[in-house]
């Protein structure tokens, strides 16, 4: 063109802007100015619109244009100022510049008001947006102040993004929309559908959608998004199916549709539908047009549990952005492919893409699940370098990683360095300390601080603090927390009710547990039943626990492996074989006998109830075994004196590829101790650190002290203790003192040292005084015995009374030494008298050294003859039966009773199984399974 005027320049600038070439539009404005033309308002408006599109360089050039405009007559022009408002609103984080331009406009038209309201709406500043709308109504006159569809669209968006008062604002706008007659408008209707859906008012959103005279993909997408958020995936899919032929479906519609499938009631149905859409987008080539569809497919498959399919889609994606990687890493984490999630994170870093806070959150979650402490530290450093450590969600994930890996100090440090907290932060740190036995009190402190800081408590807060209070067994605090639960109106939440059940059970308030349990009625789930059963067991109400199991079965309540494992553990702890066998029968009926958890609990129960033969048989029949199964059997053999079998099983365990843990070695070392294999015991002890990388704990050192003590190697005990890498605790010193007792008072110097340490560490434990007294008595040092008993009286402690019990068809019969309270005492003592005569005739001589009192020989013999275990066996013999006699004793059996039981088993021709506080003794035909080494 030979001649160009302002219109010519303005048209070409507008053309470049409209055709998506913003940098050419801006360059043309520069050329126009350099050739001496002063741009008109149309040229300025088009150039400013180009600046919005030309990111990130546009805003800087837009500010230069603003400087030029301020020198022309267009500084207060409505069209130009509106374009400036839009440019600043879209290109800058702050709305201040846009607001300054707006305030300078002398005559504000509807476009000016809509532009500034839109700026605040896009930033989620609902208060400013509605204040401006109010000013617009007050200052404007006639048509100029009358809101149009764009005004209402911006106001609806602002209300939808507002937290707290958003729904109230949306309802007010809805009233104005109806009054203004815009309810059927496409733009307003689409915004309303999206806004109502955001607040969960999907039925109302559907009504608005149906009233719209014209619908498009945007309105359909808004409704689908709302339904997906409310987990109504089937309805969202139906909306798409019904509308796909009446609106021009866009690519975003397919992305939203894919997100609906994981929200189907049946995930399998969702996955099948998702696979059909997958086939469609491949056939039509849509998958290659928009990589968001590939991201949607990865997300859909991952959330439907088909992580292999998700990985396949991800690998075939040509273009992967950070969302693609985040979706894949998150999917792997959620599907428990933790190592793959971390590998994917490393691969993402190698591509050069910068991880976002979402990437780091999912990777940290996998790290926490694996318990990888070092990697947690590395990811923390990575987050710090990227500046993501200031993100509250990333910090919450770091709290979880350090808590899971036992790094409470680091967890607390992260919490203190956080620039801001949210509810999750407080709950995370409370949960971390609640799970740590050593720091439970800190959980209570943080809970109190959370309330003082003004944070509202939710269900997670209460579940964590109730777990902490359970560990502390503080009933008064439990009542206070229960009061807060009622005050916060969450008492009917099943998870909180279950936590309260467990808490009251642990605190000994079983009546409180029963009241909550009865009120729950139909809300009870498996955790509720298990918590109630655990409460009964914790409070030694085994019969009630088993009755509840029966009741569960009668009403058709599903019993899980945890229920059976809990009850079987209780049966094992009190050695009630009959009850344990009843529970075994229940497990068979519930088809859970082959479950590895139940199987391990059954093995443990039978070993602790004296039926090592049943335990062994069941163990051999188990279809699958874990480390607990092996440990139960190894420990069972050790406890029953079958040390060689325990060691054979340990070798078999290793050959099956099951790595031993700390508990395994407690069983192995106990087995060596019970059969006197000192050298082999030390070999296994050394192998812990040398072969299996297991640092021996105090219980393993205690086993070694016991091993040396039983072998009479008292001098070696002292050397062993002096070389320990840790300070000996009460368990070690008590084992030393017990060894000195068995040595008939030899090396009382070591025993005296052990006693001094015990009385210093546990002055209120009666067992320590009794062991010291017994050590002196076994060496005949009666003056020292008297001193020990005097010290016990001064400390005002009482020792546990020795008792034995035997279970018969009519119940459990308990006896103490010299007991004459039993209704059948005459019959019992007559039977005992006959037994004593037969034993003496067979060669039995009372071992009076076990009568730990300074008495005449005849008195000592009489004292020994009325020990509780002898009364229990005499009672059992008054009943006609040929079954083995099973006796339990709460203390260690004395040497005289052990000798007597060998004679009795031969005289009466019956097997006698005695469980004392240390182990089992099987007496049969005059012999004991321990081989007199105990």
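Along the chain as shown, residues are numbered 1 onward.
Backbone N, Cα and C atoms are what each Cβ position is placed from, and that goes for glycine too.
TrEMBL entries are annotated by machine, without manual review.
The model shown is predicted, which means the values in this text are computed figures rather than measured ones.
Taken from TrEMBL, the feature domain 'DYW' covers 843-934.
For the repeat 'PPR' (5-39), the model's average pLDDT works out to 88. Marked as repeat 'PPR' by TrEMBL: 5-39 (among others).
What TrEMBL records for 109-143 (among others) is repeat 'PPR'.
According to TrEMBL, the repeat 'PPR' annotation covers 321-355 (among others). When DSSP labels each residue, the repeat 'PPR' (321-355) comes out as 26 helix, 0 strand, 9 coil, counted as helix, strand and coil in that order.
According to TrEMBL, the repeat 'PPR' annotation covers 422-457 (among others). For the repeat 'PPR' (422-457), the number of residues in each DSSP class (helix H, G, I; strand E, B; coil) is 28 helix, 0 strand, 8 coil.
The annotation repeat 'PPR' is assigned in TrEMBL to 493-523 (among others).
Residue counts for the repeat 'PPR' (525-559) under DSSP (helix as H, G, I; strand as E, B; rest coil) come to 26 helix, 0 strand, 9 coil. Look at TrEMBL and you will find 525-559 (among others) tagged as repeat 'PPR'.
The feature repeat 'PPR' is assigned by TrEMBL to 626-660 (among others). Within the same chain, residues 596-597, 599-600, 603-604, 606-608, 612, 615-616, 619, 666-668, 670-675, 677, 680, 692, 694, 919-922, 928-931, 934 sit at least 6 positions outside the repeat 'PPR' (626-660) and bring their C-beta atoms closer than 8 Å to a C-beta of that stretch.
Long-range contacts of the repeat 'PPR' (321-355) within its own chain (CB-CB distance under 8 A, at least 6 residues past either end) are made by residues 291-292, 294-295, 298-299, 301-303, 305, 307, 310-311, 314, 362-363, 365-367, 369-370, 372, 375, 382, 386, 388. Note: the repeat 'PPR' (626-660) comprises 26 helix, 0 strand, 9 coil (DSSP; helix = H, G, I, strand = E, B).
Sorting each residue of the repeat 'PPR' (5-39) by its DSSP state yields 26 helix, 0 strand, 9 coil. DSSP labels the residues of the repeat 'PPR' (493-523) in these numbers: 27 helix, 0 strand, 4 coil. Cβ atoms under 8 Å from those of the repeat 'PPR' (5-39) belong to residues 46-47, 49-54, 57-58, 61, 65, 68, 72 of the same chain, restricted to positions at least 6 beyond its ends. Packing against the repeat 'PPR' (422-457) from elsewhere in the chain are residues 392-393, 395-396, 399-400, 402-403, 406, 408, 411-412, 415, 464-465, 467-469, 471-472, 477, 484, 488: each is 6 or more residues past its ends and has a CB under 8 Å from a CB in it. With DSSP classes pooled into helix, strand and coil, the tally for the repeat 'PPR' (109-143) is 29 helix, 0 strand, 6 coil.
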